[in-house]
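*Asks:* According to TrEMBL, the protein carries these features:
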- 72-99: compositional bias 'Basic residues' (COMPBIAS)
- 72-181: region 'Disordered' (REGION)
- 135-147: compositional bias 'Basic and acidic residues' (COMPBIAS)
- 155-165: compositional bias 'Basic residues' (COMPBIAS)
- 264-515: domain 'Malate synthase TIM barrel' (DOMAIN)
- Arg268: active site, proton acceptor (ACT_SITE)
- 521-641: domain 'Malate synthase C-terminal' (DOMAIN)
- Asp555: active site, proton donor (ACT_SITE)
Amino acid sequence: MAYAMLDAVLATSPRRVPHVCVYICALHGHQRTHTHTLPLPFPLRAQSSRETKLARHDAQYAHHWHRRHGVLRHAGGRGHPRPLRPGVRGHPHPRRAGLRGRPAARVPRRRPARHGAPAGDAAALRRRRASAVRPRHEVRPRGRLDVRASAAGHRGPHRGDHRPRRPQEDGHKRAQLRRQGLHGKHLIRVRTCKPNVHAFEGKKILKRDTGRTWQADFEDALAPTWENLMRGQVNLRDAVAGTITFRDAARGGRLYKLDERTAKLFVRPRGWHLPEAHVFIDGEPAIGCLVDFGLYFFHSHAAFRAGQGAGFGPFFYLPKMEHSREARIWNGVFERAERVAGIERGSIRATVLVETLPAVFQMDEILHELRDHSAGLNCGRWDYIFSYVKTFRAHPDRLLPDRALVGMAQHFMRSYSHLLIRTCHRRQVHAMGGMAAQIPIKDDAAANEAALELVRGDKLREVRAGHDGTWAAHPGLIPAIREVFEGHLGGKPNQINAAAPPVDAAAITEEDLIQPPRGARTVEGLRLNTRVGVQYLAAWLGGSGSVPLYNLMEDAATAEISRVQNWQWLRHGATLDAGGVAVRATPELLARVVEEEMARVRAEVGAERFRRGRYAEAGKIFSRQCVAPELDDFLTLDAYGLIVVHHPRAPASKL
Ligand SMILES: CC(=O)SCCNC(=O)CCNC(=O)[C@H](O)C(C)(C)COP(=O)(O)OP(=O)(O)OC[C@H]1O[C@@H](n2cnc3c(N)ncnc32)[C@H](O)[C@@H]1OP(=O)(O)O
Ligand SMILES: O=CC(=O)O
């Protein structure tokens, strides 16, 4: 599936990207038409039998994964699950999706044709399934790519498979790796990279030179509206070409241009769980991360090659993986993209965020799968906390304390970071630290200094533990962070071959990695979670995915912590401290807290902004998610349907 989707996005095999690119250019030129029917002039490229086998294997895995998340549906056939029936969990029923249209008809199970495409009456099948999520008159003819606003009929998520691996499984994997001669060897070339700054808008790309790398985020810090995504792609294309400029009307027309020296650009595509509902490929919503990757790669690889030479970029950050098989799919995607573009194998480099609890048991395997494309691993600490709760959602003995107390000093977090460093250094790749979420406090010098001191302490811990680089949400933190890192590294580019690490990471056990965090649980914590969660969601629905709140940068990962922590406390009736009085977390308590916190937010942001923003809607969604009997896998999956443009007004046009 991944390959089929990639092919649909990349220029070569199935031939579509040029058209998508034309669309982007049109958008760049402010032609904001949302509907285009694009011709697909070339046939699918035939795959070798090995590729077909690999693709089928990965397709099954990807299907399994996406079906769990209610995102993708396949036609029936051998090796491919049957289409979901109306009434079955996960079926894109128009009424559930909030759309008008015909329900999907029952379709007989069929053998798949080559490339996993449904055989037999495939076109009719696709049309029927597509019409389940679109008004009938919008059904597209076969052999055309819809780059249009349309509804995907996404379902809320299911129980995930967040499962720490059993020790014997890991032993088995390690033995396999040893047999392949990969144990303790250098797998990967090293790149020099240092503090990351992370954000995504034209102006921010222009100001990225404070760190050595800068990350454009299509993931947690971006609300994936079609407009945001396309503008992001346009900005990236112009940034790579060196032509990007930005005139800030809010600042009297101040003009931003690229400096001569710029940071290395990394791009974080979406996680595998997120669809792209504005691009339909063969009747299916596209996989979001492949749209992000494909468009950026298509537009940038030549410029990277011209500017930096063979084997240097483009660079990616890969989020949210839970299993090394996801890394294998990425590796296949990279290899295919390099082949298609005719560039050297290993030109694309990627750092993987280890930010789920299952992934910490798979780090060697992830590095192995990415091999020539790997640039190392990164502690994605905020998502990791979120994943810890998600994984242990059913375990009352693993309740988190207040969010503010779950830092790197907690045993399970420290163990995770030490194990990541050891794993990377044994494989001769970089071990990147976590993201500092503080943002400068402009109107209070003392508070700002206290916040910077926290950042310095955190970064000193990272560099002492052996991290080779780290990142921050805001450029205002970079000088302090560089001082700490460069002071400690003393001119060395990294710590890969440093003498013994200060901690014996070899002794870290499974128990260390899952040890419950300690600290108090309070009603104030419940209030803060609610206030932050609602405000973040309101901003996200309004198109903003990176939000400064109470002097911290909030993105989807940090907002997720608020949501799942509330859910966990309510689910298990946690006892919370209310200023010396013990109270139980119940739906009634949450209802009261939501009401009071909404009033507080209203007072903080002002009645006018509150009325114009989507706060009331966000409050409802957040409350519903906190009391849901089953924990939604992702806040953003649930809310995605609300930012998809369902009804494009412009008629279909041929570019
Ligand atoms: C798990 C994870 O957490 S993934 C992390 C993903 N998070 C991100 O990518 C967040 C990135 N950060 C941001 O988006 C921003 O820093 C915010 C939204 C938090 C704050 O942005 P602002 O309100 O613009 O901050 P502020 O006004 O202090 O900015 C000061 C200057 O720095 C610039 N700036 C702020 N953040 C960045 C950034 N990340 N990269 C480049 N420049 C930046 C601003 O454009 C502004 O420039 P100007 O003075 O020339 O106009
Ligand atoms: O993605 C980064 C994180 O810390 O979460």
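All residue numbers here begin at 1 and follow the chain in the order shown.
Cβ from N, Cα, C; glycine included.
Explain the structural surroundings of these features, please.
*Replies:* When secondary structure is read from DSSP and collapsed to three states, Arg268 (active site, proton acceptor) falls in the strand class. Taking Cβ-Cβ distances under 8 Å and a sequence separation of 6 or more, the neighbours of Arg268 (active site, proton acceptor) in its chain are Gln215, Ala216, Asp217, Phe218, Glu219, Phe316, Tyr317, Leu318, Pro319.
Taken residue by residue, the domain 'Malate synthase C-terminal' (521-641) breaks down under DSSP into 79 helix, 15 strand, 27 coil.
Within the same chain, residues at least 6 positions away in sequence whose Cβ sits under 8 Å from that of Asp555 (active site, proton donor) are Asp217, Asp220, Ala221, Trp382, Tyr536, Gly545, Ser546, Val547.
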*Asks:* Grab the pLDDT values for the domain 'Malate synthase TIM barrel' (264-515) and give me their mean, rounded.
*Replies:* 92
